[in-house]
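What follows is one structure encoded as structure tokens, with my remarks underneath.
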Amino acid sequence: MVVIVDTISNPLRPRHPEKVNRPDSASPPKPDWIRVRAPNTRGYADTRNIVRANGLHTVCEEAGCPNIGECWDKKHATFMIMGDTCTRACAFCNVKTGLPNALDADEPQNVAEAVAKLGLAHVVITSVDRDDLADGGAEHFAQTIRAIRAACPSTTIEILTPDFLRKEGALEVVVAARPDVFNHNLETVPSRYLTVRPGARYFHSIRLLQRVKELDASIFTKSGIMVGLGEERHEVQQVMDDLRSADVDFLTIGQYLQPTRKHHAVMRYVPPDEFSSYEKVAYTKGFLMVSASPLTRSSHHAGEDFARLKAARAAHAR
């Protein structure tokens, strides 16, 4: 069977076989405000070497993040645990789909060692969806959090989780490990779920974020969406309201970028001034923090944003 090949990784490997028979989806040319420089700095190379030496995966590489050069130059990386293969096939995502391998029992400790080597004050841990596991990987998340706490007590920990759909008790396991920030992305507006995120349920994700606050109100909650997928402005504003009803603290909004022609097309490149408008509206709805720009991604500037988030909570409490 013909497969889409990841031409970045070495050796080349099959990727997105489920998308092979889809027709190509053409996107408009990228505007100037989207373009970024290719990564080639010493800091970038050092970060890559540490990731490789510890046998780890990062969402920076797997998802083709446009900010990888900037972040890795500063030795900031978002570690992706539980392998590099996802059990879902979202139309926007560049992470490969298939049957994942068994969990690596050494991974939590390997991640903790990499965090120590990079000297991270704030680390972001995400994962693929693991619908094949009874708990969706919740205990592995918890073990990773605990390993980082033991190795780097002063490092703050942000997690970006899957939705643990139909995994009873999984969320409670993760929250009990007490990450500093719990992020779960809605990704898009409800009307686009069928074509963009068919394996997920919008209101399940809203409820998951709300439940985190019910379990531990001290944990910051965060969520993000992409724009440029065919949504309307009023739908984005409704997402803001839904997230605030779940007491979510931090909202990110970024431009969707098409990984390959087999993925969902970019319907529109949203101009920077429209992102600024979204940010202003979101603040009026009560979010402690909002980041909205074409290149905003969940983990971009996460450390700096965490410091600002704490300051905003303290100011709000006064």
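Cβ atoms are placed via backbone N, Cα and C, with glycine included.
Listed in Swiss-Prot for this protein:
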type	residues	note
BINDING	C60, C65, C71, S299	[4Fe-4S] cluster 1 binding site
BINDING	C86, C90, C93	[4Fe-4S] cluster 2 binding site
DOMAIN	72-288	domain 'Radical SAM core'
REGION	6-32	region 'Disordered'
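Annotated features, which come from Swiss-Prot, shown on the structure.
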residue : record                          : DSSP (3 states)
C60     : [4Fe-4S] cluster 1 binding site : helix
C65     : [4Fe-4S] cluster 1 binding site : coil
C71     : [4Fe-4S] cluster 1 binding site : helix
C86     : [4Fe-4S] cluster 2 binding site : strand
C93     : [4Fe-4S] cluster 2 binding site : coil
S299    : [4Fe-4S] cluster 1 binding site : coil
Spatially, and counting Cα to Cα, which of the binding-site residues is closest to C60 ([4Fe-4S] cluster 1 binding site)? Options: C86, C90, C93.
C93
Residues flanking the [4Fe-4S] cluster 2 site, with Cβ no more than 8 Å from the Cβ centroid of C86, C90, C93 and excluding those residues themselves:
R88, A89, F92, N94, V95, T97, V128, D129
When distances run from the Cα of C86 ([4Fe-4S] cluster 2 binding site) to each of the binding-site residues C65, C71, S299, the nearest one:
C65
Would you pick out, from the binding-site residues C60, C65, C86, C90, the residue whose Cβ has the largest number of other Cβ atoms within 10 Å?
C60
C90 ([4Fe-4S] cluster 2 binding site) and S299 ([4Fe-4S] cluster 1 binding site), Cα-Cα, nearest whole angstrom:
19
Would you kindly give the Cα-Cα distance separating C65 ([4Fe-4S] cluster 1 binding site) and C90 ([4Fe-4S] cluster 2 binding site), rounded to the nearest Å?
16
Whole-number Å value for how far C93 ([4Fe-4S] cluster 2 binding site) lies from C71 ([4Fe-4S] cluster 1 binding site) (Cα to Cα):
20
Give the distance between the Cα atoms of C65 ([4Fe-4S] cluster 1 binding site) and C93 ([4Fe-4S] cluster 2 binding site), rounded to the nearest whole Å.
11
